[in-house]
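Novice: Here it is, the structure, as structure tokens.
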């Protein structure tokens, strides 16, 4: 009996437990059914998630390794280049360089950047994509300074076409070296070159070429320089060899400049010519006016020195002679010779006066001597020389006593030279004429100096112009 009681009690408890759990299961199931979305709602929720999710990029930049060039291991990738010169900013003779602003464009094909497109339209990007893909490593050979413009943003444009063709453009200002020859300065023409080359890839990996030949280089018609006339722009290309790395394709932008001469005519040639002509004025000044002729000669010499110094200060120090140096130094020699010419005239005048003074002391008595004629070298007399009184013109007729002294001096000189005729008559005549007429050197200089300077100018401009 106790066993039967225990079994009945156990069954009763079990049934009570089952019955007590049935309502709770229904409430839980009902709550789940009311909060459970329908099948249609789940489908709409998935569509929303697809629409608002992150779109997959068309270029698939993350799927490729762009540290390697396109078609790595195959033939060299061709990279076309064209350039549009925006401005030629400056030419420096002292630093031997030039500054140019240009648009540099590269063209190549990278199949890794191909994307599907029904309209075959390209996609344009700014400079941020350049850091994620492969671009040609072109640099400027012999450049001193260069930079990419960044106002208001980096002036870089990347355009990708559906078939993988890429256009890469940037705006650059570069200062590059230009080897100049100043042997004809300022009547010279200079040819400068801007050279482009791949830094790392040899001609076996990258073939750099002008995309459209000479048409690949375009210039702005408004480009002008203050001191130069731009004559010609043209392109060339060749291979450059480095002993440690190999052969590289190199592109050249060549341009020829011809210097404007008018500025230097006003600043250099015209002042130098005026100084030479001013030095000739001393030939028309009386040789007895020592202060006037000396001061004029010194002034012209110093002015020429200033002109030469000013020209050299604005030019590089070269080890050869330039055309302007020839003109300035020849002009300086003409000015200096005009000073030496007066030194010779003054010296000969002093010697003549000393000789006359000695002869005056030798023949002190001139009483009753009223000759109106003087004796020449051959023993004859000349009335004109008597009036000239040993080289003085007729307009300067002296008092009677001094005139008689001059006549005696003149006769004494004639007698001395006549006695030495055997040593050379012609030499004595020329020496006597120069000593008696020291102003004759000025007369000859008035013709000789301008004539030689004109001949020099004709030769100079015919050779260098």
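Using N, Cα and C of the backbone, Cβ positions are placed for all residues, glycine too.
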Novice: Checking feature assignment: transmembrane segment per Swiss-Prot, candidates 210-230, 231-251, 294-314. Which range matches?
Specialist: 294-314
Novice: Can residue 290 and residue 441 be said to be on one side of the membrane, going by the domain names in Swiss-Prot?
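Specialist: Taking the topological domain names from Swiss-Prot at face value, residue 290 sits on the side where residue 441 is.
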Novice: Can you pick which of 143, 146, 169 Swiss-Prot lists for the same 4-aminobutanoate site as 105, 197?
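Specialist: Swiss-Prot lists 105, 197 binding 4-aminobutanoate, and from 143, 146, 169 it also lists 169.
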Novice: Which of these ranges is annotated transmembrane segment in Swiss-Prot: 423-443, 444-464?
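Specialist: My reading of Swiss-Prot: the transmembrane segment range is 444-464.
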Novice: State the residue range annotated as transmembrane segment by Swiss-Prot; the candidates are 261-281, 366-386, 387-407.
Specialist: 261-281
Novice: Of the residue ranges 116-136, 326-346, which one carries the transmembrane segment annotation in Swiss-Prot?
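Specialist: Swiss-Prot lists transmembrane segment for residues 326-346.
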Novice: How many Å lie between the Cα of residue 254 (N-linked glycosylation site) and the Cα of residue 120 (N-linked glycosylation site)?
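Specialist: Cα-Cα distance, residue 254 (N-linked glycosylation site) to residue 120 (N-linked glycosylation site): 37 Å.
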Novice: For the glycosylation sites listed here (120, 254), which one has the lowest count of neighbouring CB atoms within 10 Å of its own CB?
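Specialist: Across 120, 254, these glycosylation sites, the one with fewest Cβ atoms within 10 Å is 120.
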Novice: On the 0 to 100 scale, where does the mean pLDDT of the topological domain 'Cytoplasmic' (347-443) fall?
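Specialist: Within the topological domain 'Cytoplasmic' (347-443), the model's average pLDDT equals 56.
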